[in-house]
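As recorded in TrEMBL:
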DOMAIN    34-435  domain 'Amino acid transporter transmembrane'
TRANSMEM  37-59  transmembrane segment
TRANSMEM  65-84  transmembrane segment
TRANSMEM  163-180  transmembrane segment
TRANSMEM  186-207  transmembrane segment
TRANSMEM  274-295  transmembrane segment
TRANSMEM  315-337  transmembrane segment
TRANSMEM  358-378  transmembrane segment
TRANSMEM  384-406  transmembrane segment
TRANSMEM  418-441  transmembrane segment
Amino acid sequence: MGTQAPENYPPEKDARTAREKAIDDWLPITSSRNAKWWYSAFHNVTAMVGAGVLSLPYAMSELGWGPGIAVLIVSWIITLYTLWQMVEMHEMVPGKRFDRYHELGQHAFGEKLGLWIVVPQQLVVEVGVNIVYMVTGGKSLKKFHDVLVCDDSGCDSKHNIKTTYFIMIFASVHFVLSQLPNFNSISGVSLAAAVMSLSYSTIAWGASVDKGKLPDVDYHLRATTTPGKVFGFFGALGDVAFAYAGHNVVLEIQATIPSTPEQPSKKPMWKGVIVAYIVVALCYFPVALIGYWAFGKAVDDNILITLSKPKWLIALANMMVVIHVIGSYQIYAMPVFDMIETVLVKKLHFPPGLTLRLIARTVYVAFTMFIAITFPFFGGLLGFFGGFAFAPTTYFLPCIMWLAIYKPKRFSLSWLTNWICIILGVLLMILSPIGGLRQIILDAKTYKFYQ
């Protein structure tokens with residue numbers, strides 16, 4: 001399944017038929033290999049900094065100062081390490097590139113097993129993110145509208161538009177953008193999204209500093225009962241895990257960078273990743289710490305809701321969230337489009353072309369829109385998906401692959417580091433969906449479908 005790096009390897013290594021080569025040149029992940037290192041920087045920022053950054057102060061209020069800061073920093077370090085592993089493993093077999101997460105999985109665990117381990121998790125993550133971003137986009141659009149059109153007491157019946165319609169408006173953009181063929185063609189959208197994520201994060205913490213500490217600010221844990229505290233803690237772990245989940249698209253992003261034996265793609269990719277991680281830290285740490293410092297446990301699960309003034313600034317920040325989430329949706333949808341189109345063309349033998357792409361991608365966008373309209377419990381969904389699928393693909397699957405492929409000596413530094421990451425990741429996977437699921441159940445009690 002591996003596709004070649006451009007031209008620079010001896011031609012006899014390319015065992016693909018002309019038809020396979022034509023298909024690979026058409027599929028979104030392998031069609032364009034001329035990306036610069038900074039493409040990887042802003043693709044990674046767009047993939048990683050989700051609207052989840054706005055829920056970090058809320059997560060802090062469920063974790064408290066000590067555990068909150070520890071979880072933020074440890075997550076940042078572990079995910080940077082596992083990202084480095086994936087960048088390294090992309091071209092570990094000379095002359096071959098693992099362009100997709102599942103191709104690396106198949107190399108580590110075998111053709112069949114690798115596919116079954118990676119693909120379901122990757123799909124849950126990518127489709128899950130797309131659904132959550134549909135909800136976020138719709139809600140942020142509604143907030144933008146409400147801030148500008150309604151007064152402080154809320155919207156009157158004439159101006160009150162249901163969230164459902166805003167999700168549809170948000171989806172309409174994707175029906176168009178999803179027709180862009182590959183990662184390089186969405187680099188403009190991705191760059192705008194990365195700039196927006198830094199901008200609205202800065203607005204969130206800047207406005208918090210401006211507002212200052214609440215006079216009666218309370219840093220006790222949000223919940224009052226012991227079960228509430230425990231479940232809240234688990235849910236917050238999921239929120240933080242979700243905040244660092246760019247790994248599902250990292251090999252696909254690296255696949256767009258040119259590579260030669262002298263100049264492997266991992267060098268420019270790693271440069272981009274470092275820049276991305278610095279930007280991520282600049283977004284996450286100030287928002288989480290200053291947001292919690294200013295409002296304590298009174299902070300909402302979206303800090304922009306807590307910061308209701310000045311109106312124009314909050315409206316602007318919500319519009320920035322919308323633009324950013326448009327880019328993020330496309331980054332996470334691209335590997336899904338690649339999987340759908342691979343199955344249609346390679347397994348079901350449909351002819352590759354515009355019609356196939358138009359129908360397949362439109363159906364996918366419509367599907368994510370429908371699910372988002374049906375289940376818009378934003379906070380709980382984050383925690384639930386966060387633990388269930390993000391923890392494995394981000395925290396410990398790269399480590400297991402590393403151990404399976406490189407087989408480091410027992411009790412060596414590499415062996416110990418990987419096992420620590422695996423244990424922490426498994427704990428995260430078990431604990432955080434519990435908190436998220438409880439939140440979904442609480443939200444669902446009061447929710448009426450299609451309100």
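Each residue, glycine too, has its Cβ placed from N, Cα and C.
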Across 274-295, 358-378, 418-441, the most C-beta pairs under 8 Å with the transmembrane segment (384-406) come from 418-441
Winner by Cβ pairs under 8 Å against the transmembrane segment (65-84), considering only 37-59, 163-180, 186-207, 274-295, 418-441 | 274-295
Can you name the far-off residues of the same chain, 6+ from the ends of the transmembrane segment (37-59), with a Cβ under 8 Å from a Cβ of it?
-> 68, 72, 129, 132-133, 136, 140, 183-184, 187, 190-191, 193-194, 197-198, 200-201, 204, 236, 239-240, 242-246, 248-250, 253-254, 256-257, 268-269, 271-273, 275-277, 279-280, 283-284, 287-288, 291-292, 295, 299-304, 306, 321, 324-325, 327-328, 331-332, 379, 382
Region pair the transmembrane segment (315-337) / the transmembrane segment (274-295), three or more CB pairs under 8 Å | no
Using a Cβ distance cut-off of under 8 Å, indicate which of 163-180, 274-295, 358-378 has the most pairs with the transmembrane segment (186-207).
-> 274-295
